[in-house]
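Here's a structure for you.
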């Protein structure tokens, strides 16, 4: 005989109650919680840890302070890592700076990047563990070893950021530009992170009994979430452009040639830049003691020549105090293979490696003739010789003699900075002198121009990697306003729905727990609600 309708109805109701009871239960995933608590606080055994008791707080005051310091450390380490990863164009300058001060070459830029990445990963994992433990309703206990590690990481991040800001303050402009370029994707990432945090926030929000604290938690969370939702209203990103408004690709100027493919400021380096498609060549000019302009960026010959082997007693002497006959004795290429400043020397074939090993100091005349043969624009920094140099007061006229009379280049192809010292631009009276001696010669200053003016006159980029940038036909991050608007709206809608569902589920579960306990939550001075 079949079951009666009443019996079937009771059976279905009983099954629904079982399902509801299971949904309301807070299961403790023993292996997961053991792993989380063990990694966070070295509490590998069950009796060493405890859940948040009814009416109790999720952590003590000390652990709350530790969690706050952890969040601050995470933010500062993220800033350091992002800042240094975006400053990769200046890694070589950073290594030069350390070479000058320490006396030996080592890729300190990569060391700093690896340390920042390791510390950020360490702090991020601790923060993820804390959030997961809170989501499981566990009390937080951070092991003292981790507390020391966080303080060390915090100290390192503050000191490293302060030093980099002092020595390379221009990197903050690079960081701002990077934020603008990646802003659409950072916005999506921020919204997703806040959406994921809604689970532990909702879990603890409905357990808090004090209304003021509940309002503070909910208000702070919703304020941050709403701010993220509305960020695009005031956001500017150069990667969001209407179709047809991108404009032509900028002209590429090889910085000291192609220094990733050959020793900088050598004949081979400039030939590699021309082969790569660079429209211009940039270099640095110094006058020898007997008046021969030659190419050298540093004040001394120590970094890019074998001066220590040929003239061991003159290693620290200014490059301008050497005669041209002495400079011809030096090798200006072997250092490139031994030190490998860009990590690219191993990619050269055997013929290029042999050629780079035998490069010599290059003259300005040879550089200008090479540019004239290939019809390339040239830009050069002209360094004033030190006190006691025979050409200290006639350095500009001597250089102009080479440009006008001793080379085959046209003056209209040349553009130069004249540097009295390493930080001072050419004085106005000297600019007038250059203009009077050679009206066709272009002069450049370090002043910044609006982007609209640059677009009208044509943008050029000085780069160490013309062989890479020449292959980019359009920016890596580019989208139309319509595409971004669609991505923005969909991201916000999906996030809002997930947050509402998360809070609704925790509200429903807490009501069910109170109902199943057959009791109302007791109102006392505790932060969290307590059920009998």
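Easy rule for this one: first residue shown is 1, then count along the chain.
Heads up, the Cβ atoms here are built off N, Cα and C, so glycines get one too.
Feature table excerpt (TrEMBL):
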| type | residues | note |
| --- | --- | --- |
| TRANSMEM | 64-85 | transmembrane segment |
| TRANSMEM | 105-134 | transmembrane segment |
| TRANSMEM | 146-165 | transmembrane segment |
| TRANSMEM | 185-208 | transmembrane segment |
| TRANSMEM | 215-236 | transmembrane segment |
| DOMAIN | 250-532 | domain 'GP-PDE' |
| TRANSMEM | 486-508 | transmembrane segment |
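I'd like to know what surrounds each of these features in this structure.
Note on the transmembrane segment (64-85): residues 112-113, 116-117, 119-120, 123-124, 126-127, 130, 140, 142, 147, 150-151, 153-154, 157-158, 160-161, 164, 171-172, 175, 178 of its chain, located 6 or more positions outside it, place their CB under 8 angstroms from a CB of the stretch.
Listed as Cβ neighbours of the transmembrane segment (146-165) (distance under 8 Å, sequence separation of 6 or more from its ends, same chain) are residues 40-41, 66, 69-70, 72-73, 76-77, 79-80, 83-84, 87, 112, 115-116, 119, 122-123, 126, 171-172.
Cβ atoms under 8 Å from those of the transmembrane segment (185-208) belong to residues 52, 58, 131, 134-135, 137, 179, 214, 217-218, 221, 224-225, 228-229, 231-232, 235, 477, 487-488, 491-492, 495, 498-499, 502-503, 505-507, 509-510, 527-529 of the same chain, restricted to positions at least 6 beyond its ends.
Mean pLDDT across the domain 'GP-PDE' (250-532) comes to 82 in this model.
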